[in-house]
Each structure stands twice: as structure tokens, then as C-alpha cells.
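S.K.: According to TrEMBL, the protein has these features:
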type	residues	note
TRANSMEM	B:63-86	transmembrane segment
TRANSMEM	B:148-170	transmembrane segment
TRANSMEM	B:250-274	transmembrane segment
TRANSMEM	B:286-303	transmembrane segment
TRANSMEM	B:323-351	transmembrane segment
TRANSMEM	B:363-381	transmembrane segment
TRANSMEM	B:440-461	transmembrane segment
TRANSMEM	B:473-493	transmembrane segment
TRANSMEM	B:513-539	transmembrane segment
DOMAIN	B:599-666	domain 'CBS'
DOMAIN	B:698-758	domain 'CBS'
2 protein chains.
Amino acid sequence: SATHLLETLNSSDANIDDIGTYDDFHTIDWLREMSRNRLRHRQIIYRKKESFFRTLKGLHDAWSGWLVVLLVGLAAGTCAGIIDIVTKWLTDIKLGTCTGKFWLNKESCCWNSETISASGENCTEWKTWAAIFGVDHGSSTTIYAVNYMLYIVLALSFASLAAILVKMFAPYACGSGIPEVKTILSGFIIRGYLGKWTLLIKSITAPLAVASNLSLGKEGPLVHIAGCCGNIFAHLFPKYGKNEAKKREVLSAAAAAGVSVAFGAPVGGVLFSLEEVSYYFPMKTLWRSFFCALTAAFILRSINPFGNSHLVMFYVTYNKPWFLFELVPFALIGALGGLYGAAFIHANLAWCKFRKTSKLGNYPIIEVMVVTLVTAAASYPNPYTRIDASMMIAELVKECGPVVQNNLCDYSFSKQPTNTTFSVVQDFPVAPIGSGLRTALWQLALALLFKGVITVFTFGLKVPTGLFIPSMGVGAIMGRLIGVGVEQLVYMYPDCVLWNTSCHAGHSCVTPGLYAMVGAAATLGGVTRMTVSLVVIMFELTGGLQYIVPLMAAAMFSKWVGDAFGNEGIYDGHIRLNGYPFLDNKEEFTHTTLATDVMRPRRGDNPLTVVVQEGMSVEDLETLVRTTNFNGFPVITSHDTQQLVGYLYRRDLILALENAHQHNDNVLSNSPVYFTLHAPTPSLSNTNDPSPVRLFNIVDLSPITVTDHTPMEIVVEIFSKLGIRQALVTHNGKLLGIITKKDVLRHIAQLNKQDPDSILFN
Amino acid sequence: SATHLLETLNSSDANIDDIGTYDDFHTIDWLREMSRNRLRHRQIIYRKKESFFRTLKGLHDAWSGWLVVLLVGLAAGTCAGIIDIVTKWLTDIKLGTCTGKFWLNKESCCWNSETISASGENCTEWKTWAAIFGVDHGSSTTIYAVNYMLYIVLALSFASLAAILVKMFAPYACGSGIPEVKTILSGFIIRGYLGKWTLLIKSITAPLAVASNLSLGKEGPLVHIAGCCGNIFAHLFPKYGKNEAKKREVLSAAAAAGVSVAFGAPVGGVLFSLEEVSYYFPMKTLWRSFFCALTAAFILRSINPFGNSHLVMFYVTYNKPWFLFELVPFALIGALGGLYGAAFIHANLAWCKFRKTSKLGNYPIIEVMVVTLVTAAASYPNPYTRIDASMMIAELVKECGPVVQNNLCDYSFSKQPTNTTFSVVQDFPVAPIGSGLRTALWQLALALLFKGVITVFTFGLKVPTGLFIPSMGVGAIMGRLIGVGVEQLVYMYPDCVLWNTSCHAGHSCVTPGLYAMVGAAATLGGVTRMTVSLVVIMFELTGGLQYIVPLMAAAMFSKWVGDAFGNEGIYDGHIRLNGYPFLDNKEEFTHTTLATDVMRPRRGDNPLTVVVQEGMSVEDLETLVRTTNFNGFPVITSHDTQQLVGYLYRRDLILALENAHQHNDNVLSNSPVYFTLHAPTPSLSNTNDPSPVRLFNIVDLSPITVTDHTPMEIVVEIFSKLGIRQALVTHNGKLLGIITKKDVLRHIAQLNKQDPDSILFN
């Protein structure tokens, strides 16, 4: 058995690399890839004792799994750190610059500043563009106009630069990338989508796009960027680079690292990868993904891009309790978030469909510029849209305390709380809305409206467009507005039975900042339909187990309401729109169709193209290869019995025929081909007869088969759980037809009243 | 199609309940159960519009998934709260009682006490037994002896009571229950294992066992108890109670709730359920499990059993940073934890095997009493073993600060830090070991030795025995010892290049409490081989992302070192020891055997028992059922062609034959049975001929088949991923044999050089 094994290994050594290559836009066969990996692994184990070099190779192989995720984690963390720093600098430069030290962002510029200006907020080193250009002595209108104009010009130039770079160097760098990463992880090949050019261009254009003040984030693109890192490092290790199934383990880990650095949430990142992105996720991968996510977070923390030792701009630590009655507004926020999500998905998909089908799709750069112009022009006047969306979220989720002095905390206290007796935040008194807060509420309402609408047109532009931050931004505004409303309600009716036991008169017991956080979770849940990972990410952002119940309540209501208006998240919607062959393993197939309804040939079609074990010539097979484009052919005993023997892959057949021609000049067009174990010995007398070709060894003798009566629910389960590409259909042991993954997907689309031809690829 | 559907529904309505019942100690067929559930679901959807009642029923069905996990969460949280309170009271009563208010535990007794005794620690209301019995005026030796004696007597009586209750009322209540829950979740039936008696007895005996000071915890049993709650509530909903596959979704959620309340870690609980316990875990279940775990934690928090608003006794919030050089001792702790785990698993399994095979197994109560006697006698003199193990862990993981005054923090300061200038913990000065700490270290070393050994004999006793706390206890001691060692090393060599940049002279930069936490993670990881869930649980216990890297490092080294000495965790070891049919879906099958090597009949065996489509009589079939005990029979076209038609389940055949006899008196022993779609019409002339029986509808026409050449690696993947019970083996469409799950398990055992007959059940 051992010698036989080794023999098999040696014979298969030659073409082992060729077998694994798939064409672009084709689906991989997980079962086959995993078998190939096990073969490779056995080979290494078996040869381990041959020499010291082989032992070392075996050791390298065993550790390469950890090494590759370590490298991916390091790379993803570094990329994220650089992107964060560049984004911050670019965002600030729209408003002004640091005199003498243009490479510093506003915070770093003012870090060591001892000269605080009169306004109490700005340092003198940091100057607006109006001041730089010497118009700061003009009228305030002139100053405003100059700053406004430069804001728009800079935003426009950032966005057009990004759009041009994407169009010229890496068309795949546009969008969030999550739908495509999800499709790739489900076993689809898109060459170059995770390549080095995409990585480079996306890393450059993501900060530009964010800085152009478009309603988009860099969090989704970070997942794509991490995926690129994963793909690039996987190629350093043949174990992962040359096996599409194993490569996807690294990509799953990379996706986890991407979310980990995007939100500073390693656990949430792993759960996101598990829940939302990954397809095949064994426990070993879970553990490595966790390691990868943690490494990335650790690196980012060492880079410390925000200077606050947290990984995101809006990390908060509340210390106020919440009360049971608040679950009602939290549920309401959740439901509104779900509604927004459903509306957003419908509108955005409709707009993207329009873009695809109309002439609009031909002018991506102009489209980007128009949207940027509109966004920048409308954003500047409103202080909440003028700043970066993640800074806005950071401001909205903060609680009001004695130290915080901004419009959002401007209540009309009977006594102004300027004295420092309010050291404990719990003692912050409750009061009616002040004029500053009233202004802020109006501005927020306008920002909500504007952001809610413009994001529909932004997601899908041909620049890197993340959706997390804009969704969270809309939700944070909504949550803060509702939070202030509830706060005022409690203030006005302190004796209401709902809260009179929880809230002590005169003291605030409602934290509007928490409502903003809950709102962010609700809209994000409504748009993406994430569940566990959403709650865990938000839980890691709020840094306490205390708020997990409100977040969970909002996420649940958001999901329920969202699902009531359409069962798919934005990523699934875009996958469908683009026609990617994604077989969702989370959806249950509930129809009663049978395998016979789905298989090909259909009634009236040409009969199935098959190969018979004996009786075909080299020419027959070459004609078969030339005239068809099937990925493989079932092998049967004879046309009479139709008994299934196995499956022959097109690629293997082509290689084998080429091989036969090369090694034996007597293999001619009329050479008989035998797919049997024991081919008849050629008679020695007729040496001029063409040599027979024996190709038994290239037949896959263990194809997955189902009977014609198998319910499609089971067929779908077999396809999604085993990750196969085709299954053969038999009746009483006789071959009837074939079902491919594409057939299954078309069938599902048809049953869901969608166009079955929307599935574009193989 | 719709009428046909309804017809099918109606005809299958009658025996739909019977189909699902499996015998005790049998394996379920996931694919079949899930199909049954989809049928039931379609039925409800289809009839929804018939009447208002049906609509309500449909609504109830849709919500029952959430309702059942809500109920399970509430129940699990309540059980955990009661068990925590009772355990605390029972543990305290071993040492003394509250005068006048015997129902209070020590903490509650002293809560309102204003009379602090001279020792500064005890309140006067709480009296030791010696004081109660009036011997507190005797010599200190007498007092000690009385307390010692009563301690042993009470411990003994608690333990024996627990053992007797378990033996008399619920034998399944012993042990941790996790191996069995894991087996049940993988699709095995153990009737009564999750029943109400088990729930009741385990809830009573778990506190007794913990209070008897045996080296065990109640955390593992809490998972079992939550599982019982899950099973009981599942029976309230036919959707879950009558479908073994759906019931396991509830059980998965219950397991998550169990860990959630055991450690106050809802996210960790879900990941534990996902990683360690569950088998089939769709995303929908993940979300509901999370909800269940959160509900349970929320209820427990409302009960607040420890009075500290945390769910566990050893919740800590450190605020000291750790330094990179510390990763070396952390990795060392991890490796030691892995070593301990491997040693523990080997020793414990050997001891349990000895118990099973020797006479020792016949005297469970005496065994419990002996172990309790030894434990109690050896524990009392040592202050660290005298108290409850979780209290010991709580003390070990604490950091030393100016307020903490115990032996563990007794350093010889040049100046005693009695003044309150050390308000910031970072400023706690570093100093050499004081006499108190020296004593404590000796006591801890002895406790380590004793606990490490006695736990081997405790886990497996016939009382509820959890393993989490004892393992963590051993690790916490080890970690603390190493932590103090590193601290002193840093103190003695302050200029060492490793740490001279991180640690400022004179200030402590090593937190021994953190080392204890890391040690607890390391040993727990070594014993259970948990990975992600371990880190997340510990992360939720330490309440900060900051320490996740040390915990991860320890967990990784622990797993690597542990796996080097044996690849299975303690739970898998016990599953193997008990011969449960557990097909691990996390292990890869790496051998090169083929389906033909595993299938039955083997060469030389009797031919496979089959049913032919035409030509068998009722008597033939009745003989078949009587003389064999197979769960089903393959159906073939004829003995000549051997072409496979389908699979006939034994239970269906018996029911169908009974049915035929009841409905038609002319069905006799020699009635022909047709398993074909179109049976020949009986000739009208011979009305005296026995009526033919048509049983086409009970044949499963879509059995899972594999070819004889299919590699076993693919067969194992099909079995574990699809959860099937048997697969039929064909060659060129002809039936060759059958592979059952038991055959696969025996084959795996054989390849792993284990006894293939160790797999006991079907």
C-alpha cells in the first residue's frame, strides 16, 4: 500500500500544478481542491524522513499556516495605520494647513501648541486657507467664501484623482469590495481582484475618496485591502497559493483582520468573517483568523493613528446605566434603522441597475465629480456634514458632561454648570433644550436628510466606497435626535409611571450619546443584515458588557423590520445585481422541486454529451473537446446500459491527449481510447495499427451522484455543504443527466421570480 | 402541483409523528429530519390562509424559535442564580453560621454589620462552629480541632448526600455532562439525559458537591443544566420537540446560555457552543444562541448572586499595562498549562478506565466519600484550599494595591505604605518578598501540588463534577507563582536589557494577578483544548481588550504543547472512553482508504440483505424484519441487475405492513409486494387470490450513494457535513454494499490504532 501510494504520488507529481488552475470567472470544486491538498500533505509527511531538507520542508509546511496569517495580520495592520494617517491629513487639509509643517494634520499641528487662540479651540499654528492666502482681514463673508470655494475645489480634485487612478490602473479597486470578496470566498475565481495593483490603488484612493467628503467610508475597502494582502501573501506559500480552497482560508482570516482594524474589534472581525463573508470556515481557520485579526489590531495600536490608544475615532466608555423603559425607544430606533436599511437597499439597487443599463455607466469620472460637487457644496454650510463622518459619529456618541462644551450639550440650566462640582457625570442635571442645542438639532435633521439621500447615489461610484460609516452616521444622527427627544420627555413628565422609579427628579437618566450608538447599530444592521457580528463590533466599540442588551434589542428589531421588506442585505443585493454565482448557504431552499426538474438535458434538448468506456477514438474525443465547452463529460459503460462509471474533466482529457501524442508517435486520429482498467492487449502482428490509448487513470471514479427523485432541497444542501461544481443524476443506476452549480442557481433565481439568466458566470 | 402537494401532506399527516422517533442510543439522520421539518413548514405555510386559527398557528410557528430560546434563557439564568446563591450559603456554612439568621451567607450576614471585630475582617454576627458550640474559650488548638472536625463532617455529609441523590434518582446527573451533551448534539439519542429529573437532581447536587470542597466546579454542570432546560422547553413546541434536528438547535443555544451564566460571558458562551459543543450550527442558530445567552446573563445579573453586579466571582478590571518582554513568561505559562493539560488528560482517562474495568465502579458512593475525606482533611490546614476554589481564583487574580492587605501582597517595603499616597495603583512600589508573601508562596505551592493531583481522581466521580474551575485554579496558582518570580527578577536585575526601558526603577511593572489570569487560561486551554472561545471568555472576564494578546499567547502555546502530547481534549477523551458514536467534524481524515475497504458486506461475509422491487411476498418481508435488526434495506430492481432503486426504512416497512393487514383482510402471507410505481392490476377473475400490496410510496428514492472507489476522506466529509446515517455503495450503478456511521467510526478507530469495538452504540 505504501509503495503504491508513493507511485501514485510520483505519477501525479508532474501535472499536479496544472490540475488546480481554473479559468477566470469560473467556480472551483471544493471537494477536489481539498483532496488535492490532502494528497500534497500526505506526500510531504511521507517524504519527511528522506532527508533533512525534506524534514525542514515538512516543518515549514506545518507552520506556514500560522506564518501566513501572521504576515497578513502585520500587513493589514500597517496598511490600515497608513491609510488612517493619510486620511486624517487629507481631510484636514481641505480646511486649512499647518504653517511651516504642512505634513502635520490639525491635531498633531496643535499638539505642542502653547498658544491657544482666543476662540479657545484653535491653535495659531493651524491656519485656514483664507488666512494662508491673506484674506483673513477681509469681511467674514469673503473669508467664508474663500474657505468654501477651496473646500469644494480640493474635494473635487481629490475625488477626480481617485476616480482617474481607479479607471486607469485598477478598475477592481472601486466599490466596497465586500460583495466580490464574499463571492470569491464562496469559490469563484476573479483574477486580479485581490492583486497587488488593486491593493496599491485602493490604498491610495480610499483616503482620497474619504477626504473628498463623499458620503462613504474606508471600512469596507479595508476588508478588500486586507483580502489583497491575504492573496498576495498566500502566493508565497505553495500550500495556499496553488490551492484555491486553502487560499480561501487565508482570505477568510484576512477579512477578519480587515474588520478588526476598521473598527478595532478583533472578536467582531472574526464573527463578521464567519457570519457575513466566509463560506467554508473550519474551526482551524477560526482560530487562525482570530490570531490574524489580533495581530492586525495590535500593529494598528502600535501605530496609534488617532493618538488616543484606541483603534477607532469613536470608541466610547459610558458609565451611566440604562433603564428598562428605554428598551421601548431602543426598539423604535431599531425598527427605524431596519426601515431605513430596506429603503436604502431598494433605492441603491434601483439606481445601480439604472447606471448599468443606461449611458450613465460610460461616464464614471464625470459621475464621481458631479456627486462630489453636490456633496461638498451642500456639506460645507452644515458643521455636522462639513467634518469627516467618523468625527461626526464620535461627537454624536459622546455623553454630555461638565467638560464637554459644544452645541449638542447646550441645555438651559437654571444655573450654568461652570463650577466643577459636577465631577461625577451621573450628577449632570437635566434641563430644557438651550439655543445651541436647538440649532444643533436643526442642523442634524438636515444632515440626516441629506446623508440619507446622497449615500444612495454614492455607494456604487467608481471609487472605493465603504458603506459602514455612512450608514452608522445616518443612524447616529437619528439616534441622537430620538435620544434628546426621550430626554426632554422624561424631563417634562418626570412623574410618568414608566420612569418615575428609575429617574430621580432633576437628574438626567437618559444618555443621548448611547441612543446615537444604538442608532448606528440599527441602521448598519438594516443595511447589511449583520446580526451577531454587528452586536459584537458595537460591544467592542462601547467597551462594556452593560450596553449589549440595548444594542442587541436594536439589532433584532432592525433585522426583523428589514427582513419584512426584503430578505437580502445590500451585499447580497449587489451580488445578485452583478450576476455572480453565489450559492447562499445561509438561505434554506423551501420548494418542492426534484432533481429531474433541474438537470440537463431538459425534455427536447439534445442528449447529454457522454464518453463511453470503450469504442471511442482519439479523433472522437478531440472533436468532443473542440465542439463543446463543457467542463467535463460523464463516462458510461455503453450507450445501451447507460451505467455510470465516472466523470472526465475536460482539462485532464486535453492534457492526456497531448501527452499521448507526444510520447508515442503511433497514436493517430483513429487510435482507440480505453477508459477501462484492463484494455485489450494490441495484437502483436499488426504493428502498423495505431496504438491504443489507455486513459483509465484520468477518470474520476467517485463523482457525486443523486437520483432523479432527490428533492432539490437536498441537492442544494449537497452543493452548498460539499462545495461541489456538478452532480450527476441517475435513475436505477443509469445516467440521466447532470446538474451544475449554475443550473442550481438559475433554478433558485427562477423560483424567486427573478431572471434565471441573471446568473452570468460559470 | 399544489393539489398534489396537499395530497402528499394529508397522506403523510397520519404517521408523520411516528417517523421521527428513534430508539435510545441510536443515531439520527440529519438530512431526513431537516426534510421532515421543511415538509411540516410548507404544510403550515400552505394552510395559513384556510382559517384564522391556521394563520395564528403559522404566526406561532414563526415566532416559536425566538420564544423557546427566550424561555430557555430565562430558565437557565434563574437556575444559575439559585445555584450560585445556594452554593455560596452551603460553602460558608462549613466554616460557621450567622447567629439568629442561619439563612444568610457570610457576606450577607456581615453586610449591615457595624461591629467589626478586632481582627478587622470578621463581623461579630458571623460565628465559627467552635464559637456556636461554646468552645471558643478553650485553647486555640481545641477551637481549631472542633472547626476542622466539623468542616470534614459537613463536607462528607454534603458529598454523600449528593452521591446518594444522584444514584437513587438520576444517574445521568453525574459528571460534567459536556461530553454527553456534545454527543447528543452531534445527533445521538440518550433518553432522559436532558430530562426533568436530571435537571432537578443536578441543580440540587451541584451546590452540594461544590460545598463539600471537592476539587470540582459547577460551571460544566451548568451547561448540562441549561441543556436540560433547553430540552424541556423544546417539548412545549412540536416544531422543536418532535424533530430531533430542530431540537438540537435549541440545545446549542442552551449550551451557549450555560457558559454565558457560568462565566458571565455571553459572547464567549456562543463561541464555546460553536467551537466545542455544537455540531450543526447554521447562522440562524448563532443569532438565537446569542439572544439566549444574553437573556440568561441578563437574568442572572438581575438576581445578582454575588452582590457585585458581576456574574462571576473573579471578574477583574486591571488598569496596568503589560510589556512586550512579558510575552516570554506568558508563553512559558502557556506551555506549562499545555503540559499540565496533557498530563491530566492521560492520568484522568487512565483512572476512569480503571474505574470502569475494576470493582471500584461498583461502589460509587464510597468512592465519593473517600475522595471527599481526603480532600477535606488535606484542604483545611491550607487557607488557599480551605476556601472555595473560585474564591481562591478571585484572590489570586487581584492586583496588589494600597487597599489590599493580605499575605499575597506582603512585600517588605522600606517604608510601610500605610499612608494613602499610593492612590494610583501604578505607583505601588516594587519591593522584595515579605514574610507573609513567603508563607503564601509555600502554601500556594502545596495547594498547586494537591489540587493538581486530586482533580485527576475527582473528575469522573458519580456527583456533578465540573472541570473549568479546578483547572483554572491550578493555572491561577501556577501563574501567580511565576508572576511573583518575574516580579522579583525584575526587581533584582533592574538594568536587564529586556525590561530596563519599560520598567522605571522602584516601580512595579509586573502584575502577578494578570499572570494568574493567564495561567488560568493556559491550564483550561490545555485540558479542554478550547481556542477562540477560551480567549473570548477570559477577555470578557478581564473586561478589557488590553489583555487579549497575553491571553491569546498563553492559549496558543498551551494548545500547541498540549496537542504535541495527544491530540484530544478531555471531553473527546471521555467520549471515546464511553464509546459514543461521535464523528468529529473538526478532525480531518488523512488516510488513503477507499469506500470499498469500509463497506459491508466484507469479503467472505453473507451477501447484503436487500429487498427486490418485485417478487417478494408479505411473508418474505416479515421474515426479513424478524430475523434481522438492520435499520433499513436497500431496494434493487432484481437480483440479476443489482441496480439500486432506493432505500427502505425498517420502521416504515413495519408500519406499512401492519397498515396493509388492518385495511384489507385479503392481505395474506403470500400476498405479493410491489415496490414499483405501477403494480400489475390484479386479474378480476381470481378474487380469492391474496391482494397485492403496493409499497412504492415508502421507498426513499433518494438515498445518498457513493461509488466503491470513493476515497474515505470524501465519504467522511459527506457523513459529517450532511449528517447522514448510512450511504449505499455502488459500482457502475450496481449496488455493492452499505456504509453506516458506525462503520465509519470503527474504521477511524482502527486507523488510529484504537479498538474498533470501542464504538458501542448505533
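Cβ atoms are placed via backbone N, Cα and C, with glycine included.
Caution: TrEMBL annotation is automatic and unverified by curators.
The model shown is predicted, which means the values in this text are computed figures rather than measured ones.
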S.K.: Out of B:148-170, B:250-274, B:323-351, B:363-381, B:473-493, which stretch touches the transmembrane segment (B:440-461) the most, going by CB pairs under 8 Å?
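M.R.: Checked against B:148-170, B:250-274, B:323-351, B:363-381, B:473-493; highest Cβ contact count belongs to B:473-493.
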S.K.: Are the transmembrane segment (B:148-170) and the transmembrane segment (B:363-381) close enough that 3 or more Cβ pairs fall under 8 Å, when only pairs 6 or more apart in sequence count?
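M.R.: Judged by the Cβ rule, the two regions touch, with the required three close pairs present.
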S.K.: Take the transmembrane segment (B:513-539) and find every residue of the same chain, 6 or more past its ends, with a Cβ under 8 Å from one of its Cβ atoms.
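M.R.: Same-chain contacts beyond the flanks: 259, 263, 265, 267-269, 271-272, 274-276, 316, 318, 320, 322, 329-330, 333-334, 336-342, 344-345, 393, 396-400, 467-468, 471-480, 482-483, 486, 545, 547-548, 550-552, 554-555, 557-559, 561-563, 568-572.
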S.K.: Flag the pair the transmembrane segment (B:286-303) / the transmembrane segment (B:63-86) as in contact if three or more Cβ pairs fall under 8 Å (sequence separation 6 or more).
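M.R.: Since 3 or more Cβ pairs under 8 Å link them, the transmembrane segment (B:286-303) and the transmembrane segment (B:63-86) do come into contact.
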S.K.: Residue list, the transmembrane segment (B:473-493) vs rest of chain: Cβ under 8 Å, 6 or more residues beyond ends.
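M.R.: Those are 215, 326, 329, 332-333, 336-337, 340, 384, 389, 392-393, 396-397, 408, 430-433, 437, 441, 444-445, 447-448, 451-452, 455, 499, 503, 508-524, in sequence order.
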S.K.: Could you give me the DSSP helix, strand and coil counts for the domain 'CBS' (B:599-666)?
M.R.: 24 helix, 17 strand, 27 coil
S.K.: For the domain 'CBS' (B:698-758), jot down how many residues DSSP puts in helix, in strand and in coil.
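M.R.: In the domain 'CBS' (B:698-758), the DSSP-based counts are 26 helix, 19 strand, 16 coil.
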S.K.: State the mean pLDDT for the domain 'CBS' (B:599-666).
M.R.: 90
